[in-house]
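Worksheet: the structure to be examined is printed underneath.
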């Protein structure tokens, strides 16, 4: 009897395991492929993360103009979803029904391109970077020109919206910039297995617009005029350029969706980021940063 129970528990564990993990950028086309056998005599389907059947054999069950069958042969069942959104993230299941049901589970993670905004107020530049992703909060770090990578160690806040996404926001304040500087925002996530996502802005004497963005702003951006971030700061100087490192997160923005404040997920730690260069110093003066960190969780 106990032997039978052990076998059953083993089979359950195998059936729940994720067979494959796929990471895709928001707006791209997702392709999901499943190996099958004898499709001409067996039935097969694809289910979305909510458990609804998308396709049964060659029939589209869940009507969505973004869904399509790429290939259905004796050995392969491949589908695609165009214009992918954060709501599409989750575990998809391919099931084949013969004498025994065989399942293949694919975990899909959707990540957004980092969004950056710049505000200028009385000689001070405030740069904000926002990153979005499924399952875990993205982690943001910074680079000035080709200098070393800098990480903010501020207060973390996680919010849960209703489209399955986490949003991470950090702010950087730079004062008295004499020359144009390229400020890079680097984004890491547990589902990124290659180099981090990156976006950048340039600041300096020619930056005359009060607000500028490299992408469209999102509902989770800070209102205009909210350039001051409260908290304890450490001030450093580099020539005539002054930068600040904050020890406290800024006030979180409102959202169009419902929000639940939760603690950061403990199942998987954030990816640690290490400096990629030497200390930021010139003639004995450290170049520091004013960095405020906020972690927000959004849902489907």
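Cβ from N, Cα, C; glycine included.
Pulled from TrEMBL, these are the features on record:
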- 208-227: compositional bias 'Low complexity' (COMPBIAS)
- 252-264: compositional bias 'Polar residues' (COMPBIAS)
- 12-107: domain 'Ig-like' (DOMAIN)
- 208-233: region 'Disordered' (REGION)
- 247-270: region 'Disordered' (REGION)
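According to DSSP, the domain 'Ig-like' (12-107) comprises 8 helix, 50 strand, 38 coil. Per-residue confidence over the domain 'Ig-like' (12-107) averages 90 (mean pLDDT, predicted model).
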